[in-house]
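If you check Swiss-Prot, you get these features:
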BINDING   ARG27, GLU89, ARG128, LYS464  (6S)-5-formyl-5,6,7,8-tetrahydrofolate binding site
DOMAIN    225-384  domain 'TrmE-type G'
BINDING   ASN235, THR254, VAL256, THR259  K(+) binding site
BINDING   235-240, 254-260, 279-282  GTP binding site
BINDING   SER239, THR260  Mg(2+) binding site
Amino acid sequence: MAVTTTEFDTIAAISTPPGEGGISIIRLSGEEVFQVAAKLFKGADLTQVGSHTIHYGHILDPETGDEVDEVMVTVMRAPKTYTKEDIIEINCHGGIVATNRILQLCLSYGARLAEPGEYTKRAFLNGRIDLTQAESVMDLIRAKTDKSMKVALDQLDGDLSKLIRNLRQDILDALAQVEVNIDYPEYDDVETMTTKMLLEKAHEVKQQIKTLLATAKQGKVLREGLATAIVGRPNVGKSSLLNHLLHEDKAIVTDVAGTTRDVIEEYVNVKGVPLKLIDTAGIRDTTDKVEKIGVERSRKAINTADLVMLVLNASEPLTAEDEALLTATKDTQRILILNKTDLPLQLDLAAVRQVAGDSPIIETSILQSTGMDQLEETIAHLFFDEGIESSQNTVMVTNARHIGLLHQASAALDDVQNGIAAGMPVDLVQIDMTRAWDLLGEITGDSYQDELLDQLFSQFCLGK
C-alpha cells in the first residue's frame, strides 16, 4: 500500500559527489519545499512557476542578507517527480564551501537532512517504483560495464517486476480455484480437477522460476563483478598482465622476485564482463616476514576467487612452485596463461596439458601484447557461453536477495507437488501455494517488513 506524501516531512541533501566540480546539486523533497526555497532564493516566485522549469537567481542568507551563490533552480511538482512529492533542485557552483552553506541554510529554514537512500525509499513508499526497481537504482549507479548498466536499466524499467507479477498472478488464479473447492466440498470432481490444476500450475511456475534462476550466475557476475585472482610464482608476469588489462601501470613491474608484497585489487571491463582483478604476491617459500604475509593473502585469494588466472613462464622449465600452484588451483575455475612466449620455449607443454584438465591454455607474450585478445575472449565465453551479447534480451536476476527468495518459492512449490502426491487435503496444500505467492511478493515489495527497507536503503548514498 502506498504511503501518502502528507506523512513525510521535507528533506534535503547534496545529490552530487563531494569535492570540487562544475556544479553541485542540493535536492529538496516534500510538502514544504517551496516555503524553504522562498526564504533563500532571490529570483522568480517559485510558488507561481510551472512544473519542470528552471529559474536563474541567487541564494541569500536570510539572517545577514549576504549572497551565498549564483544558482539555477529546477522546480518539479508532484506527482510527476522522482519521489511523487514536490521537488526543488538547487544547482550551484561546484565546491565544498558553497554547497555545504546552501545545504545548511535549507536545514536551518525548514528541511531535515535526508537519510541515505531516502529519496528512493519515498519513491517506493509512494508507489512510483517497486522494491526491485528501487534496488536497481543502486545497481545502475554501481554498474561497471555497458551490459551491467543495461541489466540495471531493464530492471528499473520493470522487466523483472513484470515477470514476477505474472508468476504471482498465475498462483493467485490457482488459489481462487482452491477457494471454489473449499466452498463446494460436496462435489468430488471439483477436488480432482483442483488438485490436477494445482499440480500443473505449480509445475509451470516452477519451470519459469528455474529459467530465471539459470541467469543467476551470469547476473551475479554482471552486478558484483568476477573476483579474478592473478596467481603465479614471482616474476612470471602477473603484474604486467594486470597493467595490460587495466591499460595503466597500477602494479610495480621489475625483474626482482617478490616485488608485489600485497594484494592489489582493481576493476576492469573485459568484453563486457566486469572483472575485479586481484594481483597477488608471488607464491613461494620465503623467510621475509612482509612477503610471507602477502603470500598467505594470495593463498586466501585463490580460495575465494570466481576465476583464477595462473601465469606460468614459458621460457623456463616447470618448477616445484609451478606444480604446487597447478595442484592448489585444480578445483577452481581457471585459465592457464603461458607467458613470455617471445623467448625460447623451455616449458614442457605436453606436461602442462596433461595436468590442465578442462582449463583453457592461452599462450601469451604480455610484453608484445600477443595472445591477449584470445585471453579476453576466453574469459567472456567462460561465463557467457555464446558471448556477452547472447544474453542481450534476456530478463536476468542479479540480486542475491532475489535469488534466495526465488529458491524459497521454488521449494514451496515442491511442497505443493509433494503434498498432492501424498494425498493431503487441498486446503493444506493451499498453505504452501500461498507461501510461494508471498515469497515472490517479497521480491517486488508487495509484501515487506520495515526492517528490510531500513537495511536496503541504508546502502544508498545521501541524495539518492
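Just so it is clear, glycine is given a Cβ too, placed from its N, Cα and C backbone atoms.
According to DSSP, LYS238 (GTP binding site) sits within a helical segment. In this record, (6S)-5-formyl-5,6,7,8-tetrahydrofolate is bound by ARG27, GLU89, ARG128, LYS464; the longest C-alpha to C-alpha distance in that set is 19 Å.
For GLU89 ((6S)-5-formyl-5,6,7,8-tetrahydrofolate binding site), the nearest of the binding-site residues by C-alpha distance turns out to be SER239; the candidates were ASN235, LYS238, SER239. The Cα of ARG27 ((6S)-5-formyl-5,6,7,8-tetrahydrofolate binding site) lies closest to that of SER239, out of the binding-site residues ASN235, LYS238, SER239. When the Cα atoms are compared, SER239 (Mg(2+) binding site) and ARG128 ((6S)-5-formyl-5,6,7,8-tetrahydrofolate binding site) turn out to be 47 Å apart. Fewest Cβ neighbours within 10 Å among the binding-site residues ASN235, SER239: that distinction goes to ASN235. Counting only same-chain residues six or more apart in sequence, the Cβ atoms lying under 8 angstroms from the Cβ of ARG128 ((6S)-5-formyl-5,6,7,8-tetrahydrofolate binding site) belong to PRO79, TYR82, THR83, LYS84. Most Cβ neighbours within 10 Å, among the binding-site residues ARG27, LYS238: LYS238 holds that distinction in the structure as shown.
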